[in-house]
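What TrEMBL records for this protein:
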{"type": "DOMAIN", "residues": "8-99", "note": "domain 'Pyrroline-5-carboxylate reductase catalytic N-terminal'"}
{"type": "BINDING", "residues": "ILE10, GLY11, ALA12, GLY13, ASN14, MET15", "note": "NADP(+) binding site"}
{"type": "DOMAIN", "residues": "162-266", "note": "domain 'Pyrroline-5-carboxylate reductase dimerisation'"}
Amino acid sequence: MAYQYEAGFIGAGNMGGALARAAVKTVGGAAVAVACSTAEHSAKAAASIGCTAETAEAILRESRFVFWGVKPQMFAGVAAKLAEDIAASDAVFVSMLAGVSLDRLAEMLGGEKKIIRIMPNTPSAVGQGLMLVSANDRVTAEELAAFKALMAESGLLDDLPEHLIDAASAVSGCGPAYAYMFVEALADGAVKCGVPRAKAMRYAAQMLLGSASLLLETGEHPGALKDAVCSPGGSTIAGVAALEDRGFRGAAIAAVEAAYRRTKELG
Ligand SMILES: NC(=O)c1ccc[n+]([C@@H]2O[C@H](COP(=O)([O-])OP(=O)(O)OC[C@H]3O[C@@H](n4cnc5c(N)ncnc54)[C@H](OP(=O)(O)O)[C@@H]3O)[C@@H](O)[C@H]2O)c1
């Protein structure tokens, strides 16, 4: 069947909007549609993304891939209102809802539906995202490949067994918040030592970007890369000791575990 839209987004806020932008880069704005809670919001989102504003009903009728980008706690209500259109839709559904399992999605969308569960992150807005992907067995290999091609501009996509998605997303999905806190705190430290704020922020962010690239490109253990920066009796090891003293690693581990537990509570 020929679809008017390759990708339709029901919910195009921070996350849905970022993925809609990635889809526009691949298939163009005429093949991507978005719906928000009101026609006015849909028009505003579509204008900023460079795609088409639609109703959720039209998206369900006319899209090859229908992305669910509403908040998890709103999903049941939104799906109930659209029940007839969901039942009639033969789209591949793509859910970005944190903590909502494929089984739960099938309960709400229909047991026979093709569903891909994803866990994206906000850096996809600049093509540097990480998207975890798990599909139910009704999705064919061709459909999964077409989905990945559609999302290629969002960044890296990685298949992951569904039972690991919540744990992994406590790093990939929630992690940007921790990274920004780290950048802000480092910049505060530099400001305290006299560096102007804007420069301090840029240096901290570029340092994090470069350190992550070095780690990924060399495949070295992070401990080895850390050791390479620490000369005996030097400044860096003094900073490392200060971080250890304040439980830095324990805090990071606890943050991931707390996010995982909370996802489980919400799902
Ligand atoms: N933010 C992240 O880092 C992140 C990461 C991974 C996964 N996620 C998941 O992504 C989803 C969206 O999160 P978000 O941060 O993007 O939230 P958000 O910015 O609040 O966006 C929610 C979107 O849903 C729309 N919406 C609300 N009611 C609707 C309705 N009845 N019909 C159609 N659209 C409706 C909103 O439209 P209005 O503007 O009109 O209200 C808005 O476009 C969540 O399920 C979340 O778990 C988020």
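Here the Cβ of each residue, glycine as well, is placed from N, Cα and C on the backbone.
Please treat TrEMBL annotations as automatic predictions, because they have not gone through curation.
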Largest tally of Cβ atoms lying within 10 Å of a Cβ, found at which of the binding-site residues GLY11, GLY13: GLY11
Local Cβ density at MET15 (NADP(+) binding site) - other Cβ atoms counted within 10 Å: 25
Residues within 8 Å of the ILE10, GLY11, ALA12, GLY13, ASN14, MET15 Cβ centre (excluding the NADP(+) site residues themselves): PHE9, GLY16, GLY17, ALA20, VAL34, CYS36, ALA45, GLY69, VAL70, MET96
Cβ packing number for ALA12 (NADP(+) binding site), 10 Å threshold: 30
CB within-chain contacts under 8 A for ILE10 (NADP(+) binding site), separation at least 6: GLY16, ALA35, ALA56, ILE59, LEU60, VAL66, PHE67, TRP68, GLY69, VAL70, VAL78, LEU82
Assigned element (helix, strand, coil) containing MET15 (NADP(+) binding site), judged by DSSP: helix
Assigned conformation of ILE10 (NADP(+) binding site) - DSSP reduced to three states: strand
